[in-house]
Each structure stands twice: as C-alpha cells, then as structure tokens.
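Report on the following structure.
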Amino acid sequence: MGRLLLWVGLVLLMKPNDGTAYKLVCYFTNWAHSRPVPASILPRDLDPFLCTHLIFAFASMSNNQIVANNLQDEKILYPEFNKLKERNRALKTLLSVGGWNFGTSRFTTMLSTLASREKFIGSVVSFLRTHGFDGLDLFFLYPGLRGSPINDRWNFLFLIEELQFAFEKEALLTQRPRLLLSAAVSGIPYIIQTSYDVHLLGRRLDFINVLSYDLHGSWEKSTGHNSPLFSLPEDPKSSAFAMNYWRNLGAPADKLLMGFPAYGRTFHLLRESKNGLQAASMGPASPGKYTKQAGFLAYYEVCSFIQRAEKHWIDHQYVPYAYKGKEWVGYDDAVSFSYKAMFVKKEHFGGAMVWTLDMDDVRGTFCGNGPFPLVHILNELLVRAEFNSTPLPQFWFTLPVNSSGPGSESLPVTEELTTDTVKILPPGGEAMATEVHRKYEKVTTIPNGGFVTPAGTTSPTTHAVALERNAMAPGAKTTTSLDLLSETMTGMTVTVQTQTAGRETMTTVGNQSVTPGGETMTTVGNQSVTPGGETVTTVGNQSVTPGGETMTTVGNQSVTPGGETVTIVGNKSVTPVGETVTIVGNKSVTPGGQTTATVGSQSVTPPGMDTTLVYLQTMTLSEKGTSSKKAVVLEKVTVPPREISVMPNEQNTALNRENLIAEVESYSQDG
C-alpha cells in the first residue's frame, strides 16, 4: 500500500499541465443494481465529477426503433442517471444501444434499407430528448461478423452519417446543443479490417471507444493478460497496438479513447507449478462471488482474490497478474492504469474509456483505497489540471517491481538510416527499413523472443524496433513478416509497410513502388508499373503497353492486348483471359500468377501469401469447351463508394447487379 501511494504521488508530480482537454468516458450497466449487496450499484451511487461523459448500457431495439430494455430502466434508472447532471452541469450522458449479448440480427434488419434506418433515427432523436440524454453510443459487435452480412460494414457507415445529419438538423431547428454520437469498436486487427472504414468513421463520430481489452481470456489454451499496455514479441495484441492501429489507418488521434477495463480475466491452470504468463490452462477459473461469471472478476473481486494470492508484474506489458493454487487472473490496478494514462497523454490520444464504472470499488468497501480507486487515478491524470508539471524521464516505462516475462536478454542490432535511401538491414534480424522510417534516427532489430531495453541513455534518442515473425503461407512457403514494436519507441509510431515472402525481399518506397526479390517494379506516376523483364507504360490514363504487346483502350470499357481481350466494368474490375484482376478502389491489382494487394496505403502482400480482401468485385474470363467464346462469371458485387454523400441514394449503395450482368452477357455474345 505504501509503495502504491508513493508511486502514485510521483506520477502526479510528473503529470504534464498541457491544457489538453482529455475525455474520461465511463460506462454504467443496467444490471449493476442486480448484484448482491454490497456490490449492488445504482446511478445515485456514482460520483458525477469523476468522468466527463457517462454512458448508460444498454438500450434495446424493437421494430427498427430504439427502446428501453425494461420498464425499470425507463422509469427509475434513466431519471436517476440523468439527474447526476444536476450536481455537475458539465457532465454529458449518452445512451448505448447494442452490446455483445444483443447480437447482430436486429442491427442488420434496421440497417438494411434507407426507410428502416430513417425510422430508427427518428426514434433515437425523440427517445434521447424525452429521457434527457445528450447523445447516442452505438455498440454494434461487429458489422460483417458474428452472423452480420458484409454489407453491414457499409450500411453501418450510412447510418452514422444519417444520424449525424439528423442530429445537426434537430439542433438547428430546436436551438439546442447537438446530440453527440460515439461508437464502441474492436481493437483486434482482423475485426477492424473487416468491420470498419476507419477513415470515414473517424470523420463522422464525435469520439471512438476502442475496446482495447478482452485480448486474452479463458477461451484460449494458455494464460495471457486481458489488457496489456504493450505487446510481447510473439503476441502483438495490446492496448498500444490497438490504438496505433486505428490511428495509422486514418482515425484522428484526438477522437480515439483507449479502453480501460475495471475487471480481470481468469484461467484455470493445467499445472499448479506452471503459473506464469503463457502457462498452459484449461478453461476459466471459478466465478466471482458477486458477478457470478466464470473466467471474469470485477476489480473489487480481484482485490479480495489477491489478498491471499501470489502477485507478479509483467515486464514490457506494465500490468499485473496473480495466482492462487490453479486459479490465475490478469487484471489492472492503479499502477497499470497510471502507465496507460501516461501513454494516452504521451501519444496525444483523446482520452480514456472505462468498462465499467460500477466494477470499480464504488464505495471503497473491498480494496482499502477509498471509493473508485481506478477511475480516480484516471481523473487525476487526465481530467484535473491543478498539478504542476516536471519533464518525464526519457524512458519512463521502467518501474522495478516483482517482474516476469518470457524471452531472453536483449539482443539489439542497430543500423544507422540515411535520409535519402531505403536501408535493408543485414541477415540476423531479417529486418528492413522503408521510407516511412526516415523520420527516425535508428532502427533496432531483435530476434524472435528478444526484448529491447534502452540502457544507459542520458539524452533523448528515438528508436523504432522491427521484429521478425514466421508463418506458413500457401504452397508450403515460409512467410517472414516484420512488425514495428511501437512500445519501445519514444516518438510517433509507424506502421509496417513492407513484408518478406519466402526468400524474397519486398521494399516499399512510399506508397508507390514495390521490389520483390529478384525483380524490380517501378511505379511511373500513379498508373504505370514495371515488373522485372517487362516494361509497362501508361499513355495518359487510358492506354498501357507491356513489353512486346500493345494494349489499346476503347473508351473506358475495353482494352485489347495482342491477341487477347480485356474488359473493364466501370472503373472497378479488369479481367484478362485466364486470370483474375481485382481492383479495390484504385489501390489493389492482381497480375497473372502473382497477387499484389494494397489495402488503402497500409499493407502490401507479396506472392505466396494469403490476402483476405472484403468488398471486392471479381470477374473471371475463361474458355468454355472448344468454343472461342469467353464466358464471364460474376463472383461478387460488393464494391461500395469510397465517399458517402450527405443523403446517400439507396440505388448507389452497391453496384447494380442487373446492369452488370447485362453488360457481361452482351460481352459474351460479342465474343
């Protein structure tokens, strides 16, 4: 206890008084009151001065309209919740709709047409104003997954834009402050890529609650922390990784709120003697006394558990865990929350989101540190501004505690980067630097399982760390990918632009040029690419000449290389004979025999690797029997517009299937 108070005091002295208005958004659940006493919590038990925004979870949906989950919520909990604003006039309250148990089917039905979305939006404006809420939070887990069709990814965007438009219109007509709009989103990369257009979400929402927790749990076969701040070499999932992933995909940093869980995830150990991080486990530990959910302990239940448990600190992840017998819990405490809050400030994110306020030690009954010990430290570090600042140490993530972590001692290999060349580091780290790294002084490479710990540093230096990962790709080839570990850096984070496949090396120069090992591909402008041994030249924007062949564009529809016919449908899909060419927007092209897929300007996939691209329009031209006619097979028609109009026309939300098929049939007849 003494160590904690001393440490927190030092953190408060270091807290920068930078004048930045951080958000501290706290969820409150409508089932918190149903827990046994003394864990039963009502809105009246909350401190209205701790959080800048309170979100009531959850409302429901019926017949494409927002509704209360039950009569008690509407008649008792809503009024109590919004009455907190009488004590703190600056407090904002929002109502969240959805949640994990809500599923996806009602969202899908509501999103499916413009008419059903308009019905929902009309009910939302009326419902929020009637009950005194200041905004809506969308908790849709997840568009395009868990039974939700992939079209929901784009219909969800339409809903958000239409909600924003309706909120602005209502504010103008009533002369009241505009209703706020937020969303809870995943922190897992494959879900982010599938479910969201990050750039457009970032433009439309007032703030984004990143669920940077539930990264590990009893559904896995070994122990892992629920919400580590930083990644381990063999496991990139972490709060920092999730936040940087969203930022690097185009979300404004000041709208991104990092998720802080006021709970832990538990495991049942396979062997009592193997009790560290990544120890073998078999399902969840026993349910908590009050939450009664296997694999889960609220923070106040964690406090009771650790009184008789062995506690440890995870180096490089800045979070604690504890075990007792065969029961293991990875949790957060005031110290780990402090590290995470300082990370939010250091990286200039928008603030913190807490799930949930009612799982903190609300009355100070369990943990002995007063009421709301977790949220209180976030309030001190992010909201209050009366503490003077002193400079932070250059590497402040170095608190010595009882620590543990996999891997060996640090084995750094450093190469200087020049300012005018792309530097490929020597074998040993199998790492490479791309143009995006040139803003940094050094790139450090380490072997798998190693850590980088800056030592003896007395003056500011900036490092980026590249880590080798191996995975099996199609065709029994080994794929080596390189990840940049943002947790070891002191400056802005960057994303990986370059990967190696098999024995080849690919170097990305900006977003334009790719070099696979043994071949050189050069982009001329934005339209022309030169693979090794061939030259492809763009004449204007319409005509392409590969080495030895001539390709002529007739209008915008057809291109004829020597002896073959290529058809362009709109601006989206190009189909040469026997090959499939897929264009996502203007970014992704698949030449025959190889796949080069660029998603936005973030990732490059060399030959031999699987690439999952959503919302593609793919067409294949093939010979049919002995006839010389060419049949076109339509595989998918799901390319949405990159930009969404203020009032999108329902006819423009997807390609017109009938017209496209008619064009295809006409082409087949012309042969």
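Going from the start of the chain as shown, residues are counted 1 onward.
In case you wondered, yes, glycine gets a Cβ from its N, Cα and C as well.
Small disclaimer: the values here were computed from a predicted structure and weren't measured.
Noted in Swiss-Prot for the protein shown:
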type: BINDING; residues: Leu71, Gln72, Gly98, Gly99, Trp100, Asn101, Tyr142, Leu211, Ser212, Tyr213, Asp214, Trp355; note: chitin binding site
type: DISULFID; residues: Cys26-Cys51; note: disulfide bond
type: DOMAIN; residues: 22-385; note: domain 'GH18'
type: CARBOHYD; residues: Asn402; note: N-linked glycosylation site
type: CARBOHYD; residues: Asn511; note: N-linked glycosylation site
type: CARBOHYD; residues: Asn526; note: N-linked glycosylation site
type: CARBOHYD; residues: Asn541; note: N-linked glycosylation site
type: CARBOHYD; residues: Asn556; note: N-linked glycosylation site
type: CARBOHYD; residues: Asn571; note: N-linked glycosylation site
type: CARBOHYD; residues: Asn586; note: N-linked glycosylation site
type: REGION; residues: 490-609; note: region '8 X 15 AA tandem repeats'
type: REPEAT; residues: 490-504; note: repeat '1'
type: REPEAT; residues: 505-519; note: repeat '2'
type: REPEAT; residues: 520-534; note: repeat '3'
type: REPEAT; residues: 535-549; note: repeat '4'
type: REPEAT; residues: 550-564; note: repeat '5'
type: REPEAT; residues: 565-579; note: repeat '6'
type: REPEAT; residues: 580-594; note: repeat '7'
type: REPEAT; residues: 595-609; note: repeat '8'
type: SIGNAL; residues: 1-21; note: signal peptide
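The structure, with features from Swiss-Prot marked on it.
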residue: Cys26; record: disulfide bond; Cβ neighbours (10 Å): 26
residue: Cys51; record: disulfide bond; Cβ neighbours (10 Å): 31
residue: Leu71; record: chitin binding site; Cβ neighbours (10 Å): 8
residue: Gly98; record: chitin binding site; Cβ neighbours (10 Å): 22
residue: Trp100; record: chitin binding site; Cβ neighbours (10 Å): 11
residue: Tyr142; record: chitin binding site; Cβ neighbours (10 Å): 23
residue: Ser212; record: chitin binding site; Cβ neighbours (10 Å): 30
residue: Asp214; record: chitin binding site; Cβ neighbours (10 Å): 20
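Leu71 (chitin binding site) falls within a helix when secondary structure is assigned with DSSP. As a whole number, the greatest separation of Cα atoms within the chitin-binding residue list Leu71, Gln72, Gly98, Gly99, Trp100, Asn101, Tyr142, Leu211, Ser212, Tyr213, Asp214, Trp355 is 32 Å.
Cα to Cα, Gly98 (chitin binding site) and Cys51 (disulfide bond) are separated by 22 Å. Nearest neighbour of Cys26 (disulfide bond) by Cα distance, taken over the binding-site residues Leu71, Trp100, Tyr142, Ser212, Asp214: Ser212. The average pLDDT for the domain 'GH18' (22-385) in the predicted structure is 98.
With respect to Cys51 (disulfide bond), the closest of these binding-site residues in Cα terms is Ser212, chosen from Leu71, Trp100, Ser212.
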